[in-house]
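Asker: Just dropping this structure here.
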Amino acid sequence: MTLPTLTNLLIMTLSYILPILIAVAFLTLVERKILSYMQARKGPNIVGPFGLLQPVADGVKLFIKEPIRPSTSSPFLFIITPILALLLALTIWVPLPLPFPLADLNLGLLFLLAMSSLTVYSLLWSGWASNSKYALIGALRAVAQTISYEVTLAIILLSTIMLSGNYTLSTLAITQEPIYLIFSAWPLAMMWYISTLAETNRAPFDLTEGESELVSGFNVEYAAGPFAMFFLAEYANIMLMNTLTTVLFLNPSFLNLPPELFPIALATKTLLLSSSFLWIRASYPRFRYDQLMHLLWKNFLPLTLALCLWHTSMPISYAGLPPI
């Protein structure tokens, strides 16, 4: 590999990673501001104008602190897990069309599904390597929840593939030329949105960090830099899920918009969806664990399977009919 090629690769990678990290940093500020205004207070307003530099101050503070490792923990896994979590959270963005993906994969949706499944390992290893009963119980809860809700996410993705006829994310824009999929497949969109809340361990499904029983969940033993990495990974996953929701169900089209406006439309819709994540956090109490599992296995799974069957059978049944 020549030096110009390496330089080009580095520039491309940085140009796609840095905006994500900056967006994630400011998402934390948006969350604190929204929650504070909902609770009739000001929120962060000291660091910088209107508190805009608060994420920078928080990041610097966390990364210059001394990372503490429990003496009984597993050293290698304890250190490698937060790095793996952040690396996976950033890698998943590769096939997303913003408007052009970093790598236009033929099986982009399957890549997303496979990479999001790998995040389970970072949760499990962090809980196990901490050698703490609270961290382990929190990790087991998180893994059970993530694996469970991935089932419905996969089936809903399969249904959207049936509608678009392709595994690439770019074709979803062409599929949604006449109408957004959120209107034509609204039951799927509703279940997808609730499943993304559970998949990212957000309220009201944040059972992994039940403070009254688990202190803080799987990352209870982490501090300073490693904790910041987990935090960044969690919020990067929230941004990713909302971007994916926009691409799947609210995709702004190439034909209706100039390419320059595509990222603006995508970012606006993603921000609105992320804000509704935060609104839900401020509004709803936490679910009981059995309710969380019943919602998936007894309600969502039969419904998504039926809708997937419907989306599979309808094109076949219409195939023999003459055009209207």
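Placement of Cβ uses the backbone N, Cα and C atoms for every residue, glycine included.
Pasting the relevant annotations from Swiss-Prot:
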- 10-30: transmembrane segment (TRANSMEM)
- 76-96: transmembrane segment (TRANSMEM)
- 107-127: transmembrane segment (TRANSMEM)
- 154-174: transmembrane segment (TRANSMEM)
- 178-198: transmembrane segment (TRANSMEM)
- 230-250: transmembrane segment (TRANSMEM)
- 260-280: transmembrane segment (TRANSMEM)
- 300-320: transmembrane segment (TRANSMEM)
Asker: Determine whether the transmembrane segment (260-280) and the transmembrane segment (300-320) share at least three Cβ pairs under 8 Å, counting only pairs 6 or more apart in sequence.
Answerer: no
Asker: Taking 3+ C-beta pairs under 8 angstroms (sequence gap of 6 or more) as contact, is the transmembrane segment (300-320) in contact with the transmembrane segment (10-30)?
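Answerer: Answer no, regions not in contact.
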Asker: So which of 10-30, 107-127, 154-174, 230-250 is most in touch with the transmembrane segment (76-96), counting Cβ pairs under 8 Å?
Answerer: 107-127
Asker: Sort out the residues at least 6 away from either end of the transmembrane segment (107-127), same chain, that have Cβ-Cβ distances under 8 Å to it, and list them.
Answerer: 77-78, 80-82, 84-85, 88-89, 91-92, 94-96, 101, 135-140, 142-143, 146-147, 150, 153-154, 157, 160-161, 167-170, 199, 208, 218-219, 222, 230, 233, 237, 244
Asker: At a C-beta cut-off of under 8 Å, are there same-chain residues at least 6 beyond the transmembrane segment (154-174) that contact it? List them, or none.
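Answerer: Distant contacts of the transmembrane segment (154-174): 95-97, 101, 104-110, 112-113, 181, 184-185, 188, 191-192, 195, 247-248, 251-254, 301, 304-305, 307-308, 311-312, 315.
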